[in-house]
Amino acid sequence: MSGAAKLLVLNAGSSSLKFKIFGLEPFAAGVSGMFDRIGDAANCTLKASAAADAAGGKGRKWELKIPAKDHVGAMQNIMEFIKENVSSGFAREVVAVGHRIVHGLEISQPVLLNDKSIAKIREAAVLAPLHNPPGLQGIEAAESVFRGVPQVAVFDTAFHQTMPPHAYMYGLPYDMYEKHKIRRYGFHGTSHQYLVEQAAEMLGKPVSETNVITCHLGNGSSIAAVRGGQCIDTTMGMTPLEGLLMGTRCGDVDPAVVLHIQKQLKLSIQDTDTLLNKKSGLLGLTGSNDLRAVIDGAHRGEPRSVLGLAMFVYRVQKYIGAYTAALLGKVDAVVFSAGIGENSSIIRGLILEPLKGMGMVLDPAANAATVGGKQGAISVPASPVKLFVIPTDEELAIAHQTLKASGRAG
Ligand code: AMP
């Protein structure tokens, strides 16, 4: 893909910077990778891989230890890496850059980045303190190397903007919403939208005629109820803390618990925030935020791992039930995706086996075989509700939306 116009998608985390390059002539995914542990000079790594190309190439993988003190440094190292391994003229070939940004307040569509939209992302950082600041660093990093190239922000919250008020409002005084924008926003929207579009193809129906429940289960997890391609409810709220039990986040909790912690245990606001977002969930319950370790612990009979696993599974089942009701009992498909949803046939089995009575009939052999990035149905052919595993591809969805927003055909 050397020489031709390219699009770059960036996804900045607190200490990571993911990238994916797309060729535009013709449109095709190329090299992707991730700079991890930015700021930790001893362990900073750049991992990248190249998909086997259409002409029958074999694909390639790289793993390099390179220090980067911040996102701008990581971006410069990524540029060096791409120059050496992908295309020497990369800096000139990039025609647009797409960024995954978690929160955009009321912005519901991808936007071209300028002073005004960047100010909005900064304003929204109060509601996404873990995610928007690194997103802004990713933007700054890209601006430092691609001056004048259109940059687009694609918001995690966008897909959920179709939720009706009865789903997005909290039972708080109305002022809280009007004056302070306190409402449910939802996240992982780019992923849920992608999953719904893929599910519609697998169902052989137009998206507008489908009712789908999408389960994005990874370190951060959320579920969405989607009617006719439009989100009607999702488990995350004003921030990505609400809903399911996650790797390090508590998910649903009585808000009075938070007051109690602060009053009785004298925890500061900052410490409470860290407790709920970074020390809770599977980590807080079992000692590991990695579901694989929790499953191993449960196999060894460790009571906390057994509990953590049961809680994770139960909350997913509970929301699948709730969203079946939100979709008035008419569900075409339930989709599983992200690190856990794509890879753990054990978890999918634990969630789905007891839901047979809701018309969700798992095929154990198909379930066991559909792991490691495979896409397919895991329900028996006669299952009234289809069960699908679909590897999410947020970068691809961001690439399409970036092309549209920057005035290039998708
Ligand atoms: P993500 O945030 O989508 O990258 O997902 C990461 C999470 O997926 C990890 O923290 C693991 O807990 C989980 N995961 C990945 N592979 C497996 C597996 N085979 N079984 C259970 N969990 C897995």
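Using the three backbone atoms N, Cα and C, a Cβ is placed for every residue, glycine included.
What TrEMBL says about this one:
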- D156: active site, proton donor/acceptor (ACT_SITE)
- N11, E394: Mg(2+) binding site (BINDING)
- K18, H216, L217, G218, N219, G220, D290, L291, R292, G339, I340, G341, E342, N343: ATP binding site (BINDING)
- R100: substrate binding site (BINDING)
- H188: site 'Transition state stabilizer' (SITE)
- R249: site 'Transition state stabilizer' (SITE)
Where the C-beta lies under 6 angstroms from ligand 1, the matching binding-site residues among N219, D290, E342: N219, D290
Site of maximum Cβ density within 10 Å, from recorded positions D156, E342, E394: D156
Inter-residue Cα distance where the pair is N11 (Mg(2+) binding site) and R292 (ATP binding site), in Å: 25
Cβ neighbour count within 10 Å of K18 (ATP binding site): 20
Other CB atoms within 10 A, centred on H188 (site 'Transition state stabilizer'): 30
Cβ neighbour count within 10 Å of N219 (ATP binding site): 17
Cβ neighbours of I340 (ATP binding site) where a neighbour is any other Cβ within 10 Å: 23
Recorded positions listed as R249, R292, least Cβ neighbours within 10 Å: R292
Rounded Cα-Cα span from E394 (Mg(2+) binding site) to I340 (ATP binding site), Å: 16
Intrachain C-beta neighbours of R100 (substrate binding site), sequence separation six or more, cut-off 8 angstroms: V9, L10, N11, A12, G135, V154, D156, T190, E394, I398
Listed in sequence order, residues with CB under 8 A of L217 (ATP binding site) and six or more positions away: L244, V316, F336, S337, A338, G339, I340, G341, I347
Nonlocal neighbours by CB distance (under 8 Å) for D290 (ATP binding site), same chain, sequence gap 6 or more: G247, L282
Distance from K18 (ATP binding site) back to H188 (site 'Transition state stabilizer'), taken between C-alpha atoms, in Å: 16
Euclidean distance between Cα atoms of N219 (ATP binding site) and R249 (site 'Transition state stabilizer'), Å: 9
